[in-house]
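Participant: OK, TrEMBL features for this one:
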| type | residues | note |
| --- | --- | --- |
| DOMAIN | 6-120 | domain 'Tetrahydrofolate dehydrogenase/cyclohydrolase catalytic' |
| DOMAIN | 139-281 | domain 'Tetrahydrofolate dehydrogenase/cyclohydrolase NAD(P)-binding' |
| BINDING | GLY165, ARG166, SER167, VAL231 | NADP(+) binding site |
Amino acid sequence: MSGIVISGKELAKSKRDEMKKQTAILKEQGIVPGLAVILVGEDPASQSYVKAKQRACEETGIHSEMDHVSPSISEDELLDKIRKLNDAEHINGILVQLPLPDHISEEKVIETIDPEKDVDGFHPINIGRMMTGQEAFLPCTPNGIVEMIKSKGIDIQGKHVVVVGRSNIVGKPVGQLLLNEHATVTYCHSRTKNMQEFTRAADILVVAVGKEHFVKGEDIKDGAVVIDVGVNRNAEGKLTGDVEFDSASKKASYITPVPGGVGPMTITMLLQNTIFSAQRKSRK
Ligand code: NAP
């Protein structure tokens, strides 16, 4: 068997084409969706993520503005900037690029963002709404994963989903979203014993660990759907996933590549949340 590749790049493109139409409709009503990004410090990976997000906004008709601040900014100063954006009429979404310097509490920063502008879906109010199945800003990477699975008409209900990784931004919420879709969900993490027993039992396997080739073909069941969230840079400087694509794709029914898989969908879901926020405001 050779797995069908789920291209996040292609799906993202078709979704962004649809979004361009939505922003055009909003413009006719005099509304331009606005995203504010705060970048603290000079981390090269963060800088390139922020640039990619801004480029995607531009292409989709979303106004974006970036405040690039010194890593020595105090926590209070940063929280003040967020409060100003909470009050800014033209801003529908606020994103503070993580990670932050050690002297700034990520928790405080996230909790200061108005939940109605929390397009990353990290605020505890949005997480609570997601858990209880209410309307919420869904976290972008997990939401993008669910969209990728659905785009292929894969039935999630009743399937055994195994998520490797339990971070607050990927592992935990992706399991929750798939539970909301009526899957039976198992989480694995660094203290899990005999992990292969779980990964080999998965109908849908989501791997979000951050270790190159952590899961190989021998770790998965024939016909499994494999979602690789990992973004790692190998010794040659090439981007690689957490799944060994060559061996896993021989057994999987569907598999996501790295690059060109989950990554482009993450940014697309951020755009979607920003447009959704503007649409909601226009209805008020
Ligand atoms: P993280 O916060 O470092 O979490 C990693 C998770 O993997 C933790 O839950 C950890 O378990 C688990 N883990 C580590 N070693 C393990 C082992 N030997 N066996 C089993 N589980 C193990 O990372 P993250 O933020 O979730 O990101 C994971 C990967 O996804 C990274 O490569 C990141 O770059 C990538 N990512 C990609 C996107 C995208 O848009 N494509 C978005 C976000 C993240 P414990 O909890 O027990 O420590």
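Even glycines carry a Cβ here, placed using N, Cα and C.
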Participant: How do the residues of the domain 'Tetrahydrofolate dehydrogenase/cyclohydrolase NAD(P)-binding' (139-281) split into helix, strand and coil according to DSSP?
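Facilitator: The breakdown for the domain 'Tetrahydrofolate dehydrogenase/cyclohydrolase NAD(P)-binding' (139-281) reads 57 helix, 26 strand, 60 coil.
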Participant: What same-chain residues, at least 6 away in sequence, bring their CB to under 8 Å of the CB of VAL231 (NADP(+) binding site)?
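Facilitator: Result: GLY210, LEU239, GLY241, VAL258, PRO259, GLY263.
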Participant: Taking the residues GLY165, ARG166, SER167, VAL231, which the record names as binding NADP(+), find the longest CA to CA distance and state it in Å to the nearest whole number.
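Facilitator: So the maximum pairwise Cα distance among the NADP(+) binders is 16 Å.
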Participant: Averaged over the whole of the domain 'Tetrahydrofolate dehydrogenase/cyclohydrolase NAD(P)-binding' (139-281), what is the pLDDT?
Facilitator: 97
Participant: Going by DSSP assignments with H, G and I as helix and E and B as strand, what are the residue counts for the domain 'Tetrahydrofolate dehydrogenase/cyclohydrolase catalytic' (6-120)?
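Facilitator: Looking at the domain 'Tetrahydrofolate dehydrogenase/cyclohydrolase catalytic' (6-120) with DSSP, the answer is 61 helix, 18 strand, 36 coil.
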